[in-house]
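Asks: Next up is a structure, given as structure tokens.
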Amino acid sequence: MFMDRWLFSTNHKDIGTLYLLFGAWAGMAGTALSLLIRAELGQPGALLGDDQIYNVIVTAHAFVMIFFMVMPIMIGGFGNWLVPLMIGAPDMAFPRMNNMSFWLLPPSFLLLLASSMVEAGAGTGWTVYPPLAGNLAHAGASVDLTIFSLHLAGVSSILGAINFITTIINMKPPAMSQYQTPLFVWSVLITAVLLLLSLPVLAAGITMLLTDRNLNTTFFDPAGGGDPILYQHLFWFFGHPEVYILILPGFGMISHIVTYYSGKKEPFGYMGMVWAMMSIGFLGFIVWAHHMFTVGMDVDTRAYFTSATMIIAIPTGVKVFSWLATLHGGNIKWSPAMLWALGFIFLFTVGGLTGIVLANSSLDIVLHDTYYVVAHFHYVLSMGAVFAIMGGFVHWFPLFSGYTLDNTWAKIHFTIMFVGVNMTFFPQHFLGLSGMPRRYSDYPDAYTTWNTVSSMGSFISLTAVMLMVFMIWEAFASKREVAAVELTTTNIEWLHGCPPPYHTFEEPTYVVLK
């Protein structure tokens with residue numbers, strides 16, 4: 001029975017739960033790695049050893065957080081749980097493929113961990129640029145294992161994307177048009193399209209790197225007529241859409257949370273929200289070289305990528321102001337989920353502003369590979385994606401489990417986390433503007449103060465993570481049943497009770513849309 005339910009599962013709710021548990025577990029590993037980084041940087045001088053081990057930790061931290069925490073939780077966890085419920089489908093379109101998508105992730109994670117255990121580990125950074133990732137600078141199997149890990153995670157995501165696209169387009173009730181699906185469903189659909197289009201390019205790039213390392217090809221080796229810049233183009237053509245893949249489902253969740261706790265029956269500017277997400281998805285594919293301003297591009301090329309990157313601020317602004325307009329005039333309920341959503345809007349906007357700074361190629365040439373960039377993307381990820389995940393978790397936890405979290409603890413948790421992440425990442429803007437470079441385990445004494453502050457902040461965040469584990473235990477131990485859910489007609493995922501039955505629909509849904 002246990003094997004049938006959890007190993008061979010074809011139920012979207014169980015697979016969603018598996019994704020959430022796996023993501024939480026990987027998140028702990030990723031957090032541990034980040035604390036090692038901040039412990040090393042807490043003061044000048046060496047703590048862990050040389051720069052190789054430090055860079056192995058940095059690389060693993062990035063891969064674990066992106067591929068094994070944010071993506072499994074947002075797309076696999078919330079996506080699997082909520083999309084079928086929100087469109088009235090009995091399950092996903094391909095339930096067994098859904099199971100395979102999940103079970104490709106633990107072996108992938110295992111390969112990534114193995115890569116750090118053999119030889120010297122993969123100290124390449126998550127970008128895995130040759131020639132550093134080549135077989136001279138990284139002899140041994142480490143980088144090869146990392147590449148295989150990425151292949152598995154990529155196949156998992158591509159299969160999941162096919163599944164979501166098919167489900168969302170094909171399994172709605174006949175009366176429901178695409179423009180009547182909730183915004184979270186839209187966000188997952190657009191994310192899935194981005195995955196489907198970008199991951200094969202990454203697969204091509206890392207496969208060429210694999211053959212360069214092992215089969216004597218020279219795709220990225222000038223000695224044989226290759227070009228390492230080609231790898232950068234292939235990687236970032238995936239890498240930039242990837243960062244939008246990480247944030248788009250969060251946009252969808254924030255729209256639902258803000259609408260719900262403002263007491264509104266729909267978000268402000270539904271169509272604008274949809275078109276904004278589609279625009280962001282499209283533009284995400286034509287700005288990749290802004291990660292490469294320092295490789296020596298023409299001034300015309302730089303001008304194009306600068307302008308195109310800034311254009312993304314427009315649909316993003318549409319979303320931010322629509323969330324604020326949804327709040328306007330509402331009967332606002334200051335629940336923990338609402339606090340996460342408001343924190344998301346504020347901090348994501350701050351991260352977006354530093355992004356506009358970095359979009360200027362002239363400025364980026366100075367700021368590239370400094371802590372300013374680290375501060376920028378951690379504001380949009382560590383306070384964008386993670387805040388969206390936390391908001392979604394405390395909002396939908398009663399739906400998933402049937403129990404309620406303690407409100408006071410949840411608010412305390414938010415406060416500690418808010419202080420922690422800001423104390424960690426705000427000082428990094430100062431470090432970057434002062435020229436402290438990324439990916440080094442040691443630094444001149446002049447940078448000590450802000451690094452110490454940053455490292456203290458990371459330990460405050462650790463306290464918040466531990467408090468969250470306690471909160472979840474407390475909820476399951478206290479067994480407070482869900483009393484009543486408001487607004488069920490506009491939030492149909494709640495319609496079937498908390499938690500919903502194992503099989504939501506025994507027969508196809510019939511929807512009458514006025």
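In case you wondered, yes, glycine gets a Cβ from its N, Cα and C as well.
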Asks: Would you say whether Swiss-Prot puts ASP4 on the same side of the membrane as PRO444?
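Replies: No - Swiss-Prot names a different topological domain for ASP4 than for PRO444.
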Asks: Out of SER434, SER441, SER454, which does Swiss-Prot tie to the same Na(+) site as GLU40, GLY45?
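Replies: Record source Swiss-Prot; matching candidate: SER441.
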Asks: Given that Swiss-Prot lists HIS290, HIS291 as binding Cu cation, which residue among HIS233, HIS240, HIS376 does it place in the same site?
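Replies: Answer, per Swiss-Prot (Cu cation site with HIS290, HIS291), from HIS233, HIS240, HIS376: HIS240.
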Asks: Which sequence-distant residues neighbour the transmembrane segment (141-170)? Criterion: at least 6 residues beyond either end, Cβ under 8 Å.
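Replies: For the transmembrane segment (141-170), the nonlocal Cβ contacts are 59, 63, 67-68, 71, 75-76, 79, 83-84, 87, 89, 92-94, 97-98, 100-102, 104-105, 107-109, 111-112, 114-116, 118-122, 124, 128, 133, 178, 181, 185, 188-189, 191-193, 195-196, 199-200, 202-203, 206-207, 209-210, 213-214.
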Asks: Tell me, by DSSP, whether SER441 (Na(+) binding site) is helix, strand or coil?
Replies: coil
Asks: Is it the case that the transmembrane segment (336-357) and the transmembrane segment (407-433) have 3 or more CB pairs under 8 Å, with pairs at least 6 apart in sequence?
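Replies: Contact criterion met.
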Asks: With a radius of 8 angstroms around the mean position of the C-beta atoms of GLU40, GLY45, SER441, what other residues of the same chain does the Na(+) site pick up?
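Replies: These residues sit around the Na(+) site: LEU41, PRO44, ALA46, LEU47, LEU48, TYR54, ASP442.
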Asks: Of GLU40, GLY45, HIS378, SER441, the binding-site residues given in the record, which has the fewest other CB atoms within 10 A of its CB?
Replies: GLY45
Asks: Count the other Cβ atoms sitting within 10 Å of the Cβ of TYR244 (O2 binding site), across every protein chain shown.
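Replies: Taking all protein chains shown, TYR244 (O2 binding site) has 21 Cβ neighbours within 10 Å.
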Asks: Could you name the stretch, out of 183-212, 270-286, 299-327, 371-400, with the greatest number of CB pairs under 8 A to the transmembrane segment (51-86)?
Replies: 371-400
